[in-house]
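Peer 1: Dumping the structure here so I can ask a few things about it.
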Amino acid sequence: MLIGYIFLTIAICSESIGAAMLKVSDGFKKWKPSALVVIGYSLAFYMLSLTLNHIPLSLSYATWSGAGTVLTTVIGVKWFKEDLNAKGLIGILLLLSGVVLLNWP
């Protein structure tokens with residue numbers, strides 16, 4: 001089961017990096033960030049497919065999408081100076097709570 005969570009963590013991180021590179025790629029006009037988008041999302045889906053050998057689909061996908069959304073938001077706020085208002089923060093906290101509850105033993 002631990003290896004499944006390792007695969008899932010890699011999937012979440014690579015998906016978030018791919019999403020961040022979408023912004024940097026300027027509509028796929030810049031080739032290096034565009035290549036990182038393809039690599040990030042390809043690695044994310046490959047790792048997610050490996051995760052499914054160890055963790056059920058419902059738990060894997062919900063965790064991947066929820067944690068990926070949270071991490072992508074953190075990247076947007078920290079590196080791209082995007083705003084996060086009170087409603088957005090509450091939404092992120094609810095997503096995090098849901099991910100924790102889903103994975104609680």
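Quick reminder: no glycine exception, Cβ is built from N, Cα and C everywhere.
So Swiss-Prot lists the following for this protein:
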- 2-22: transmembrane segment (TRANSMEM)
- 35-55: transmembrane segment (TRANSMEM)
- 57-77: transmembrane segment (TRANSMEM)
- 84-104: transmembrane segment (TRANSMEM)
Peer 1: So which residues does the transmembrane segment (84-104) touch in its own chain, when a touch means Cβ under 8 Å and the partner is 6 or more beyond its ends?
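Peer 2: Distant contacts of the transmembrane segment (84-104): 59, 62-63, 66-67, 69-70, 73, 77.
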Peer 1: Below 8 angstroms Cβ to Cβ, which residues of this chain, lying six or more residues outside the transmembrane segment (57-77), approach it?
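Peer 2: Long-range Cβ neighbours of the transmembrane segment (57-77): 4, 8, 11-13, 15-16, 19-20, 23, 44, 48, 51, 83-84, 88, 92, 95-96, 98-99, 102-103.
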